[in-house]
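Read the structure below first, then the notes.
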Amino acid sequence: MTGSLGYVETQRVVLAGPDDPLHLRGGGRLDHVEVAYETYGSLSPARDNAVFICHALTGDAHAAGLHVGSKKRGWWDNLIGPGKPVDTDRFFVISANLLGGCSGSTGPLSTDPATGAPYCLDFPMLHMSDLVAAHRRLVAHLGIERLHAAVGGSLGGMQVLQWVIDEPDALERAVLVAASSRLSPENIAFSAIGREAIMSDPDFCNGRYVEQGVFPWRGQKVARMMAHITYVSAQSLETKFGHRRRSRGDAWTLGPDYEVEHYLQHQGQVFLGRFDALSYLYLTRLLDYFDPFADPGTAAALRSTATRFQLTSFDSDWRFDSTQSARMTAELKALGVAVDWAELASPFGHDSFLLQPPGYHERIAEFLG
C-alpha cells in the first residue's frame with residue numbers, strides 16, 4: 001500500500017580524517033570530511049537491496065518523509081516511500097548531501113582543520129568524481145558492497161553516470177533523469193550570470209562574508225531568479241501567470257508588477273538562508289567542467305560494466321533538453337552499455353523530474369524491479 005514514511009532523521013558521519021584523507025581528482029585533499037545522510041527502509045540480510053539517491057544542485061539529504069517540527073516533506077517524497085516507485089518496503093534507500101554542499105556535508109563554509117577558520121574560497125575545486133568518492137565511503141560505512149541502483153535527477157543523474165565510470169561493478173542499475181553528459185554553452189552561460197551576480201555583490205567580501213557577518217543575498221537572489229526560469233517551461237509560465245498584472249489601468253511602475261515577476265521574487269527570496277552562495281559557486285562550476293566522455297579512461301571503464309542504464313527526458317525541459325539524453329544514449333550504446341531512453345510528455349519543464357508526469361513513476365518502478 002502506498003503511504004508515507006512518517007518522521008525521519010538526518011544523520012552525520014565523519015568519513016575522512018588526517019590518517020585517511022579524501023584525495024581529490026584535482027590533486028588536493030580534505031583531511032576532514034563529514035557527510036549528512038538519511039536512510040529509509042531496511043537493509044536485507046544479503047545487503048543487496050540498497051538504492052542510493054543523488055540529489056540535484058540545491059538539494060539535500062532530506063529526500064522523503066518528515067522532520068519533527070516541520071510540515072515540509074522531503075523533496076522526492078512522491079517517489080520514495082512504502083509502495084512508491086522507490087519502495088521502502090523492498091529497498092534500503094540512502095540519500096546524502098553532496099560534498100561541497102551546505103546542508104550538513106563538508107563544503108566551503110566548513111572549518112578548515114589547518115586554520116580553524118571557514119575554508120571559503122580556499123576550499124578546493126571539486127570534480128564529479130570527488131562527490132562520488134565521498135558517497136562511496138558512506139556506502140562502505142553502511143556495510144554495502146554493491147548497490148541495487150543509484151537514482152538521480154539533473155546534477156544527481158550526472159553523479160550516477162560518474163559513479164558507474166569510477167566503479168563499473170558497483171551498481172546493478174543506473175537511473176538518470178533530466179540529466180546530461182556535458183553542459184551546453186547556453187547552460188554554462190546561465191551559470192556564469194548567476195556566479196557573476198553573487199561575486200559582484202558588495203557583501204561577497206571576496207568570499208569571506210561569513211567572517212564579516214554579512215551575506216551576498218542580493219546577488220544570490222538574482223542568481224536564483226535567473227536559474228529558476230530555466231527550471232520551468234514557457235507553457236507552465238503561460239498557464240500559471242499569463243500576462244496578469246497586480247496594478248490597475250495606467251498605474252505603471254518600475255518595480256515588480258506582473259505576476260510572473262512576483263513569482264520570481266518569491267523564488268529568489270525563499271532561496272536565501274536555505275542555500276549558501278559559495279556552495280552555489282563551487283557546484284555550478286563543477287557542472288560546467290563535467291564532460292566524462294572527453295576522458296580517455298571513460299570508454300575503458302564503461303566497456304567493462306554490466307550496469308543497466310535508464311535515461312528519461314521531458315519534452316518541455318529546455319535546461320537539459322532531450323538532445324542531451326539522445327547524445328548520452330548514443331555514447332553509452334557505442335561502448336556496448338545496456339541503455340533504455342525515453343522522452344516523456346510533460347508541461348513542467350526541467351522540474352518535471354520532481355513531479356509526476358504521466359508514465360514517469362511507472363517507468364522507474366518497472367526498471368528497479
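Placed from the backbone N, Cα and C atoms, the Cβ positions cover glycine too.
Note that this is a predicted model, so its numbers are computed, not measured.
Across the domain 'AB hydrolase-1' (49-328), the model assigns an average pLDDT of 97. Annotation comment: Swiss-Prot describes 49-328 as domain 'AB hydrolase-1'.
The active site, nucleophile annotation in Swiss-Prot covers SER154. DSSP assigns SER154 (active site, nucleophile) to coil in the three-state reduction, outside any helix or strand. Cβ neighbours within 10 Å of SER154 (active site, nucleophile), excluding its own Cβ and spanning all shown chains: 27.
What Swiss-Prot lists as substrate binding site is ARG224, ASP351, and the listing cites sequence analysis. Its own atom aside, the Cβ of ARG224 (substrate binding site) has 23 Cβ atoms within 10 angstroms in the protein chains shown.
For ASP317 (among others), the entry in Swiss-Prot reads active site, with the evidence type sequence analysis. DSSP assigns ASP317 (active site) to coil, not to a helix or a strand.
Per Swiss-Prot, the feature site 'Important for acyl-CoA specificity' maps to ARG319; the stated evidence is sequence analysis. Within its own chain, ARG319 (site 'Important for acyl-CoA specificity') has SER154, ALA178, ASN187, THR230, TYR231, GLY349, HIS350 as residues 6 or more apart in sequence whose C-beta sits under 8 angstroms from its own.
What Swiss-Prot lists as active site is HIS350 (among others), and the listing cites sequence analysis.
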Highest CB neighbour count within 10 A among the recorded positions ASP317, ASP351?
ASP317
Mapped DSSP class for ASP351 (substrate binding site), helix or strand or coil:
helix
Just the number: how many Å between the Cα atoms of ARG224 (substrate binding site) and ASP317 (active site)?
18
